[in-house]
Structures are given as C-alpha cells and as structure tokens.
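What follows is a set of notes on a single structure, which appears directly below.
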Amino acid sequence: MFMGGSCIIRRPESTLLYHRVPHNFKSLDIKVGVVEDFSSEPQPLISEHITLKRSTSSTQGSKPDGGFLFLLLYFHRSSQSGVSSNSAAFEASKKKDSKFFRVHQLLPVSTFTVKDPQDLVLSLPFLQFLHALPLDYNYALYREIFQRFGTHYYSSGQLGGNYDLLYQYSRQELTTAGETDENTQGCLSKETFFTVLLYSQYSSANRCTNTRVTEKYQGSYIQASEKSFSMVRGGRTREAAALAWEREGSAPDKTAFKDWAKSVLENPAVVDYKLLPITDLVRGIPCAVTKRRHLRKALLQYLEEFDTCKCAPCPNNARPVLSGTECKCVCQTGTFGTNCENRAPDFTSEEVDGYWSCWGPWSRCGGSMRRHRTRRCDNPPPLKGGQACDGPDRLEESCHVSLFEKQDSCDNDDDFTIGWRDELPPGVQGCLRPQRLANSFLRKAKPYYNFGEDEEFQCFTGFELEGFQFISCRPDGTWTQPRGRCHRRLCVPPEIPDDMTLFPTKDSYRVGESVGLNCNEPGLMPLPRGMYRCGAKLTWEPPLPAGLRCTNENPFVPDSQCGLGQRLQGSRCVCVQRESCLSEPESLCVLNAIIDVAVPVSLCSFHAARCHGDPLLYMNEGACNPADITKLEWARFRAKMSSKSSAQLPCNLDTCYDWETCSASKKCQCKAARECPRTGEHMFCVKLTAQMTRSLTLCSTAALKCINQPFEILHEGDCSAGS
C-alpha cells in the first residue's frame, strides 16, 4: 500500500498501537483498539425473514426487495468468503420446503474516507493498462479492465466485522407448530442475543419459552433450524466458521463470538462502504476524455452481462438469479426440488409471475436531445393471475449529439496541460496547443507542436465547416489565423414512435431535405401520412403531430360529391359514422355542450359530429388549454346564446353569430357594442354596475362579454318587463 512522503499516524484511545494512514486516505478514524471497546457504541442486532416471493407493494421496480437481494448476494459472495459454500445454501433450498431467517450485526473498528479522484495515486499496473487502451472503441479490450480491476472502488466505508448468519427452517414444521414469521424472527433474535452476542444495545433479553418449538428443541430456536449458512466477514477463517451451526452439532456461544471479535481486530474487513465507478479515476493521462467516455460505455455494456433478463424462464414460478454469469432458479416458499416441482400440501397456486426481457438498443439522439429504449414483460409474461413486471417498460435519458463521429480523436482533460499553457517544457521548441474554434474540436489535440506542424479543426456533428480547416505553427511560436468557422446548417432526426423508422435514415439532414415515415410491422401504415422538411430555422416543417401512430385502418377520405362529414352511399350522401374517425389524430379543441367541457377531436370527428347534429362548438386549432378559463367561459357563453342568434354564418371551421363577423382570414371576430342594433328580437336586462341597469340586445350583450366587460344578466327580456 502506497504511503507517500508524509507520515500521518492514528491510534485508538484504548491502546498505544499506532497505524500509519495510507496516502490515498483523506481520513481514518480508529474507534476500537481492544475487544471491550465494541461495547461502548454497540450496533443493533437485526433479524429478518427472507422471502422468496416478489413483494406486491413495490411499484418502482428499480431494486429487488431486501430479502431476495440478500439471497442473490449470498449465492454470489459466499464462495469468495471461504466460510461457506454458495452451492450448499442454494442446494439446501432445493431439497426441502424451507423458510429462511437472517440475523446480522456490524462490529465496526474504524471508518475511512478516500481522497477525491484527481488526488489519488493509482497503481502502476492500472496506469499501464489505461495507457494501452486504444482510441477506437473496442469492447473486448475495454471490458478487460473491469475483469482485472473491478467496476468500482471504495470512496468511504467502515472496517471491522460483520456477524451474518442465514438460518434454514422446515416450513412444514413451523406451520405445524403454529409459528408465525414474526414470532420466529423475534425469538431467534432474542436467543442470539442471550446465547451468542456480547455487545448489544439491550442490557437484557428474555428468551422465548412455552412454545412447541422450545418444548421440542430444549428451549432453542437455533437448534430448531435445519442448519445455518455463514456469511461472516472479517476476522480469521477458523473463528468465523465456529459461529455457524448444523443440526446434531453444538450451537455457537459467547466464547466463540468473543474469539471471532478478537480476530476482527487483527484482520478487519470492509463491512460497510460507498462505491464510485473506476471510470472516475481516468484522469491526468493522454486522451483521458476519450478513454473515459469509452469506459463508461463499456461499463454499461459489461453490467448488462449480469442481468437476469438473459436467463430463460424458470419452471414452476421460481425466481431467476445470477451467480456470477450462471443462471439459477430459486424456488419460492412452498415449492422445492431440482426444478421446484415438489409442492407443500397447502401450496396450490398456479400463478406465473412476469419477468422482463432485456432492454432493446438506444434510439438515436433526436431533436429534443433525449434518447430512449424499451423492454417487454415476456420472459415469461404473467399468467393465471401472476404479478406483472415491476418497473417501467421505457427508459429515457438526456443525450448529446456525438462530437466525434468516428470515435478516434484524442481529447484530454485540462489537468493534463497544466504547466504547459504558458510555456513549453524545457528543451522543446514549437507552439502551445491552439484555441479551438467555436463548435469544433482539435483533430490532434497535442500539448505542444513542432514548427511547421499543422492542426485541423473538425466541426461537431450537426455543424458544417465554412472556409479552411487547417492552421500551422509558425517559427515564432504563434499560429496562423484560422480562416474557417463551424456553423449549424443541419437538422437532427425528429422524435418518432418506437414502432416507426425514418426514410432516408441519416444522422443529420441538410436544409431542404425531407424525411418520411414507415411502420416496422408489415401491413401497417403511419397516420397521418406525410413528408417533413428540414426548414431554414433548422426545425421540421410541418411539425410532427402528437398523435402519430401505426394502424391498419384506412384513413378517412372525404367524398367530393358530398358535404363535410358525409360520404356517398349509393346515390345519396349520408353522415360518416363517428367510429370511422377514431384513427385520425386529434387536431382541434371543441366545446361539447352536453357535458360543458372542452375536448380534443380530429377534423374528421368534428365534421361527422356536426353532420349527426352533435352540439360541438369550435374553439381553436391544436390542443385544449385547461388553464385558459377565459376562453372556456367565452365558448360556454357562445354555446348558450347560439340558439337565440338569427344569423349562423359558416366561417371555415367556426360559425359566426349575430355579434360576430367572418374576417378575411376566416375567423369569427366580435363586433363593437356600438355596431349592434338598439332593439332586437332577444333582449336582456343587464346589471352593468351597482346603480346601472340597462336593456341590451343579444348582440350588445355578447359584444360586452367578448371584451370581458363585467356584468350580470338579471333576466331575459326588457328591464321594464321584469319590474
């Protein structure tokens, strides 16, 4: 372990034994020097029932439930610990219908914090491997770094011991004895405290008595178990192994626990920690940015190798787990056997829970600078009332249009050039690294250049070079002036549904280029159909509609011989059926006068409803805005007064009434109150202010409403008629 040039020492208060702090440690706090120190701040003893059935309360699905996660880690880690065999624990669950209970307690000796990544001194083999990585992305080579050095490193944690036992019980025996999971869990915890532990937050504990279990097994819940599996960490192997128990053997006691605790002081393990990815350590080397980017990509790909989605469905609703890269099936409680084919007498469930298939590939980084991928709940799908897959079927994240389309450019951290920004290294003549143009990167990106050497500007994806891309290092140590610039003249691909593809497919499109859409599934077509053009403002014209989807329905085509919302049937025009318009995208906002609510509809649905006499009143094109209360109130007023209007003049999609005119742009515009007649067929008594009441025509009343003039309609008819 590298100690560095300084000598920083620490010791616990109870001893004079000093420990030198390694160079990479930011802090080290040693709390325990002798075994009695464990009792000064005892950690809680935790007992829990490990359930193999997926929790129904989980809604996020991002993490497995705690009990199952322990078993997953147990099967994976125990072979590495040297204390217990993972195959023994796994095979035990296959041979008998079992329940598992876990008891664990931490014995922390010291806490540590590691320095920030840029301040760490890395091992020579690790640095040599980083230097040897190629600039081109090669998964096999980048993957090797994780196989040699791991995927993460400790950023902080605790050193000490972890008392951790998994007890296996016969489910049938506990059921026959009338034992609940809560009672077994509590009694096992109390007995462990009473017979094994020396250091606890409790001063005393009463063992469980007068139960069928204690009567049969000499008052011991530990001896009632079939056996225990040790996942104890820290201390020497012999002392740790003495804490486990098998039937017909002697149960562990306080002496065994104390011997193990003493060995923890001599051989502590990391028992609690926080991790950071080793990709964060790739700093201060040539081409660090490029290699770090490749490593992060490789890390995601590497972690997917350990996803249970790669496992085939387990028989009899068993749960798949990975032990390393080997798929195994853990039988749920109530089943056991090689293929979980044996059932307890009281287990009658036929449910099959759903599990995820693997994530599909990421989509392209579209115009919204977001990308996504999807997965399906079909490995297997839920059957006979089984639980659906937990978690989302779509994952979305921010993305960036690649700056390096070929992924072979060398880009460095700023810290690699510190000291060379203002002066060249001793004995070197030439030019310092030049400043790059806006929206570009340097092709070579070297810390310094020889006289006469060229450097090339390359534009980011989505930008085009205008002018000359090369500059040269002059004999006086300066660079020639750049004679080019990168400006954006390209559109990024538009966002489209997962079941569609663009044609032609490109990373970017020039102004004036057009794209179309195809459905991935044969026999389906996109609705609405159309072509979309990369406009001068670098946006797609027209914008892609929100309701874009694939369908096998034929789009509604109006009959030129009939009116809007009609089609020719034989020799006469009839109204189009409302159901025939369901595949059309919603493009209008209308007021449904029956329910008095603004609703989105398609143009086809609007005309069909009008033809059938449905009371739909046009409000605007596009989506409805629930926050615009004023527009909704005006639409409700128009709908209420429309039947009283003597004029109903069609105006594009709208209808203009007595108080409106149809403008040249085909929109209904309100008249001014002075333009309305003073008398009319429909009069209203209107209270304008606290002291002013007037008799107004329908036109005048609506004109005031249109400009949001506050008033109150007292009654219909002349004011004198109501007095």
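All positions are counted from 1 along the displayed chain.
Using N, Cα and C of the backbone, Cβ positions are placed for all residues, glycine too.
Unlike curated records, TrEMBL annotations are generated automatically.
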Member of C431, C486 annotated by TrEMBL as disulfide partner of C459: C486
Partner cysteine of C534 (disulphide bond, per TrEMBL) from C491, C575, C581, C589: C491
DSSP three-state assignment for C486 (disulfide bond): strand
Rounded to the nearest Å - Cα separation of C534 (disulfide bond) and C486 (disulfide bond): 19
Cβ packing number for C459 (disulfide bond), 10 Å threshold: 22
